[in-house]
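Presented below is the structure to which this report refers.
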Amino acid sequence: MASVPHFTVFLFLACALGIGANVTRRATSSCPKGWTHHGSRCFTFHRGSMDWASAEAACIRKGGNLASIHNRREQNFITHLIHKLSGENRRTWIGGNDAVKEGMWFWSDGSKFNYKGWKKGQPDKHVPAEHCAETNFKGAFWNNALCKVKRSFLCAKNL
């Protein structure tokens with residue numbers, strides 16, 4: 001009979017430790033406070049306005065980059081997140097730029113530029129120095145803009 005209480009205690013401790021390990025695993029794969037999880041990344045929106053390079057530097061200090069967008073689902077999520085946090089479809093810096101070579105767009109996080117959400121007619125060459133990408137231009141579309149313009153910005157980092 002003495003072995004039954006020991007087994008019960010052992011079973012209880014094993015379950016408790018197992019649950020604790022599971023909680024720890026989940027906590028390490030969640031986003032920090034102020035960041036929102038989507039897919040395999042965390043996103044945070046900054047209302048304060050900065051030029052593109054300063055916004056990228058701010059994202060790097062937080063362990064990420066200006067957000068890259070790889071499909072329509074991510075674009076919809078980002079548009080909704082910005083609207084939810086700002087109360088409007090605010091024009092916002094994302095990580096695209098063609099500063100190295102005109103017309104050759106790159107993401108600042110080094111990921112493949114495999115999705116394009118440009119507004120029809122964008123990116124344009126109306127102003128030659130428009131090397132940085134913003135989202136929420138005339139809806140949920142992208143636009144190339146002057147990098148020195150101050151905008152809100154969206155950071156992203158991998159889990």
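Glycine is treated like the rest: Cβ placed from N, Cα and C.
Annotation source Swiss-Prot lists Ca(2+) binding site at Gln122, Asp124, Glu130, Asn143. What Swiss-Prot records for Cys31-Cys42, Cys59-Cys155, Cys132-Cys147 is disulfide bond, and it gives sequence analysis as the kind of evidence. Annotation source Swiss-Prot lists domain 'C-type lectin' at 38-156. Summarising the annotation, Swiss-Prot assigns signal peptide to 1-21 and lists sequence analysis as the type of evidence.
Sequence features annotated in Swiss-Prot and their locations in the structure.
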residue	record	CB count, 10 Å
Cys31	disulfide bond	15
Cys42	disulfide bond	21
Cys59	disulfide bond	25
Gln122	Ca(2+) binding site	19
Asp124	Ca(2+) binding site	11
Glu130	Ca(2+) binding site	20
Cys132	disulfide bond	27
Asn143	Ca(2+) binding site	20
Cys147	disulfide bond	20
Cys155	disulfide bond	27
Message = Between the Cα atoms of Cys155 (disulfide bond) and Asn143 (Ca(2+) binding site), what distance do you get, rounded to the nearest Å?
response = 18
Task = Write out, in the order they occur in the sequence, the residues of the chain not among Gln122, Asp124, Glu130, Asn143 that have a C-beta within 8 Å of the mean position of the C-beta atoms of the recorded Ca(2+) site.
result = Trp118, Lys119, Gly121, Pro123, His126, Phe137, Trp142, Asn144, Ala145
Inquiry  = Between Glu130 (Ca(2+) binding site) and Cys31 (disulfide bond), how many Å separate their Cα atoms?
reply    = 33
Ask   = So of all those binding-site residues, Gln122, Asp124, Asn143, which one's Cα sits nearest to Cys132 (disulfide bond)?
value = Asn143
Request  = Would you mind reading off the Cα separation of Asp124 (Ca(2+) binding site) from Cys147 (disulfide bond), to the nearest angstrom?
outcome  = 14
C-alpha spacing of Gln122 (Ca(2+) binding site) relative to Cys59 (disulfide bond), in angstrom = 25
Request  = Could you put numbers on the helix, strand and coil content of the domain 'C-type lectin' (38-156), residue by residue per DSSP?
outcome  = 25 helix, 39 strand, 55 coil
Key: Cα-to-Cα gap, Cys147 (disulfide bond) vs Cys42 (disulfide bond), nearest whole Å   = 24
